[in-house]
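Chemist: Next up is a structure, given as structure tokens.
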Amino acid sequence: MATAICCKCNEVVKPRVVSALGKTYHPHHFTCKECEQPIGLLAYSVVDDEPVCNTCYREKHASRCYACGMAILQRGIIAVGRKWHEKCFRCVSCSKSLVTSTFFEVNGYLFCKLDFRESLLSRCAGCAEPIDKNAVVALNTKWHSNCFKCCICHRQITGYKFSIRSGRAVCIQCANYREGESNGDA
């Protein structure tokens, strides 16, 4: 059996030998690269081919979660160019887990599909519900096509022709009827 030589002090290692990372050490020379404390039989990580105790690894080398800032020591998620704990990968609005869900990112914030739709999409001036498809733009606001109605007869206004009375939409039929009334034609 070959004599073990400590890679730190170049002396013979007796009686206990620590073998790690393809090298041999005296137990008191197998130390953390950062804090220089003996690692002994404790778990450790490897940084630049050197042992680092778990405390130093957590403080200085572990990836940090974008949401909470804590070290990611187990499974994490990489999304939108950032790292997250699985438990922190949640909708900012309702806290629903997004691990297996469709999500949307706006300015670094994550939203589930429902909250993205509810919180960030334009709202219809008629019903106040989000508009996520085609919208009618009239009177400086957006409307669902079936919500854009005459304020007099309440029929849906289709096409591009309508009148404005007191800042509200009036269909051509009601507008013509009102004009005829005011001209004495009725």
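Every residue gets a Cβ built from N, Cα and C, even glycine.
Heads up, TrEMBL stuff is auto-annotated, nobody curated it.
Quick paste of what TrEMBL says about this protein:
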- 4-62: domain 'LIM zinc-binding' (DOMAIN)
- 63-122: domain 'LIM zinc-binding' (DOMAIN)
- 123-181: domain 'LIM zinc-binding' (DOMAIN)
Chemist: Work out, from DSSP, the number of helix, strand and coil residues along the domain 'LIM zinc-binding' (123-181).
Modeler: 10 helix, 16 strand, 33 coil
Chemist: Let me know the model's mean pLDDT on the domain 'LIM zinc-binding' (123-181).
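Modeler: When the pLDDT values over the domain 'LIM zinc-binding' (123-181) are averaged, the result is 86.
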